[in-house]
Every structure is written in C-alpha cells, then in structure tokens.
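A short worksheet on the structure shown next.
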Amino acid sequence: MDLVLLEKALLGLFAAAVLAVAVAKLTGKRYRLPPGPAGAPVVGNWLQVGDDLNHRNLMSLAKRFGDIFLLRMGVRNLVVVSTPELAKEVLHTQGVEFGSRTRNVVFDIFTGKGQDMVFTVYGDHWRKMRRIMTVPFFTNKVVAQNRVGWEEEARLVVEDVRKDPRAAAEGVVIRRRLQLMMYNDMFRIMFDTRFESEQDPLFNKLKALNAERSRLSQSFEYNYGDFIPVLRPFLRGYLNRCHDLKTRRMKVFEDNFVQERKKVMAQTGEIRCAMDHILEAERKGEINHDNVLYIVENINVAAIETTLWSIEWGIAELVNHPAIQSKLREEMDSVLGAGVPVTEPDLERLPYLQAIVKETLRLRMAIPLLVPHMNLNDGKLAGYDIPAESKILVNAWFLANDPKRWVRPDEFRPERFLEEEKTVEAHGNDFRFVPFGVGRRSCPGIILALPIIGITLGRLVQNFQLLPPPGQDKIDTTEKPGQFSNQIAKHATIVCKPLEA
C-alpha cells in the first residue's frame, strides 16, 4: 500500500470528522431520524455492522431496532424497512418520492451514470426507457410469440440430460445446461438468435464477462470507497478493472449482436425481435446508441441470472422434498395426461406447480432486498425524517419469512399457497410477498420469469426423478448472499433418473 497516500487519507479523514461535527452543530438541519445503532464520526456504523448487509443480517438488526431503522455507512444514510405496511408506503403510496435508484461508484461505470432503465433515477429518462422496453420485452404478446421457443429450449435440456450417461448414475451439475437454456430464452427475444451448445465460444465469452460483471458489482470490496469518498483513491485499481470489463462487454454486445441486427433489418426491413424495436427507437431519435447498449446490459444482468437462480433453487427444494416432487408429477399426469409435455398455456391449469414456483420465490427470493430505492428530496416515513438521497432497502425476504405473518415460514410448503395463502400472488397483491417489487419501479420481467420457471421445473419433473448424488440424503442449500442477490452457495450435482415415457 502507498504509505504517503494512506497518510493523506487518514489526515483527510480526521479533518473531515472535525469539519463534519463543526458544520453539523452550526448549520445542520435537525432531523427526527429513524432509530439505529449509534455511529462513530465519519465511518458511522460501518465498522460495527461490517459490509455484509444481507437479508438475514438486516432481519437481525430489525429485531433489535424496529420496523424501520437507520444505518450511517460513512457519508451515506441507509434506511431499512421490514413490515408490509412500510413496504407499501415506499413502493406504492410514496412510490414517486422514493422511486429513484441509489448511485455508487461501480454502478455508475456499468450504467454510464444511469443511462439504462433499471438503475436510473426516477424521471423523464426512466419513463422513456420503460416505455421503449415494455412493448418488445414485457407484454402478453411477447409471451405468446416466444413461449414455443421457451418450450423448445426446455425440451432440448431434457434431451441433453437424457443423453448424458452420468446423469442417471453419479449425477450432473444441471445448472450449466440450464444456463445455456436461459441465455437462449432471452437471446431469442432480444436478437432472434440462440447458441447451439455449451461449447459455443461466443456463449462462453459472454458467460465469463457477465459473471465478472456480477462479481465486481455484487462484491462488498468497494464499499469503503463508496461510503467514504476520501478513501476512493484506494479503489483506483478496482474501478479500472470495472472500466476495462465494461468496455469489453459493450464491444461484444455491439460487434456480435447489435450490428448483426442492423444488417438484417437493412436487408429485410422487418421487425422480428426486441432489438429491432430498440434500434427503430434509436433511428427515430428517441434514444441514443449508448442507451441501446445499456438495454442489452440490463437484460443480461437483470433477466438471465436472476431467473436461473430461482430455477436452481426450485430444483434444489424438489430434490430435498421428494413427496412434493411426486405430488407435482401426479398433478401434471392427471391434468395433462401422462407423457404430455407442459406448455405455457397449461400453467394456469396446474395450481400445485404455480404454488411451487411461488414457494420457491418466497423462501429463496433471488433479490431479497429488491433493487434499492432512493428519495431525491427530504421525505417522511413512519413519522421519521428521511434525508434526501438516502438509500432505502425493503427487506422483502423478511416480509415473506416473518413467523409473525406466515405459518411455519422456514418450511418449503407449497400447500400454503393453496390453503391459508391461496389469494396471494407474486405480482404483489399482498405486501408480505413482493419478490418482484410493486409499483412504478417493480420488475417488469415477472411476465417472463414466471412462465419460464414453471415450464422448466414442470418439464424436468415430468421426465426425471430428481435425486441427490449417491451417498447423500439431501443436497446442500446453504445461501450465498450478495449485495443484491441470494444464490445457492454450491451448484449441486443432481441425479436425473429418467422416467418411463
């Protein structure tokens, strides 16, 4: 470490602490802030609570400090809400006031300081991007046009697993094949293209670039430079890696996909996929070319991996609950007929399959804190003052796993959505269960995720008995929480024993 730089940073910290205290006493606005642990000057609560602000740690803090509490993370205020009533206030009632997204040094790089849709502030740019993305990505028409492709990709997964001699014996890490399926599901929508196999060089390049992007943005390593700007020089190497990765990813998107669609459109004049719609919006001057690339960035980050995590969690729970797996198979055989593959239109006739999807999203929520919200101006919440540009976290996982609000929430029990919770849906009609958020900044990808998860789990259970590897009673479902995610820590080996056709 550069000792001169460290000395300057420490002196800067001391000076900032003295100045902050003096300014606060002389001119500071008096706020009635939410409760929370007392913090130290400059660093606030950072050294007390550490970097790992995952959903379970925040649940523990809520039990100590209440339904709404404040953490001071350096110069940033972080407000956490943990009840359905407060979630409704943030996401719906005051959806405009708390409808922006927080900014940090890493996401500013990956989104061009908010030129995308998912991570931009609430305003005209967000409204424009949401409108432009909705028609080609997030409508019932899109589902109707693409569902045959999703069903085909699920069929190919089943075929490939059947062909693999390891699958029925020692088992396979089925996630790897499902990852190819998810890329194909989304790249069919985006670019009217697909990858032929897991060995496809372009697929592997994309997969590696997206994985590195997730690692860099999900890591807690950069928090100190984000929380305490005077320490940001120590992040120089980290931020340079982010810039380099962004450049390489954007070049792959541009050279291999966007330009290819431009060539096809020039030849045919037809609009066949989402990117054609997006490029038409660029041609009309509604967005610029950077916006086009950031839309591709959003879909790669916000649609592919998150849905894959949910499928992986669903498989893990079905393996560990063979009676539930058998009950699902019986439902499909009874409703569809033995050997009849489940399709997207069938899902509404399969309530137990729908309940399994919802129970997976409840217990193993992929984005347990949702995407953080922010208020651009001073606001009020539960009678407390919320200073402008506070980061607002809704602990959606805790809302869906609070024993005060759910019967035996730590159990994987799909029957709850057919019995005491039969009116609860994933789109947020009950603020105890908001896996995709609610309101203006909710995730529009719900319209794609639910059928893809349902088709995939249904096809696998129709064709295989899903089992743990030899010598194991269950597979490990330890969580690996990130800043914005909840993944399974170890990608499990699954024995896929073919069923009689």
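Yeah, the Cβs are placed from backbone N, Cα and C, and that goes for glycine too.
The annotation transmembrane segment is assigned in Swiss-Prot to 3-23 on the grounds of sequence analysis.
Annotated (E)-cinnamate binding site per Swiss-Prot: R213, S214, R215, L216, S217, Q218, A302, in sequence order, evidence recorded as experimental evidence. Sequence-distant neighbours of L216 ((E)-cinnamate binding site) (same chain, six or more apart, CB under 8 Å from its CB) are V106, Y222, Y238, R241, C242, L245, listed in sequence order.
Reduced to three states, the DSSP call for C443 (heme binding site) is coil. Per Swiss-Prot, heme binding site is recorded for C443.
Contacts of Q218 ((E)-cinnamate binding site) defined by a Cβ separation under 8 A and a same-chain sequence distance of 6+ are given as G482, Q483, F484, S485, in order along the sequence. Between the farthest pair of Cα atoms in the (E)-cinnamate binding residues (R213, S214, R215, L216, S217, Q218, A302), the distance is 15 Å. Close to R213 ((E)-cinnamate binding site) in the fold, though at least 6 residues off in sequence, lie F110, L245, K246, R249, N300, V301, each with a CB less than 8 Å from its CB.
Shown in sequence order, the list is empty: the chain has no residue 6+ apart in sequence with a C-beta less than 8 angstroms from the C-beta of R215 ((E)-cinnamate binding site).
The binding-site residues close to C443 (heme binding site), defined as a CA atom within 10 A of its CA, are A302 out of S214, S217, A302.
In sequence order, V106, F107, F110, Q483, F484 are the residues of the chain that are 6 or more apart from S217 ((E)-cinnamate binding site) and have a CB within less than 8 Å of its CB. Taken residue by residue with DSSP, S217 ((E)-cinnamate binding site) is part of a helix.
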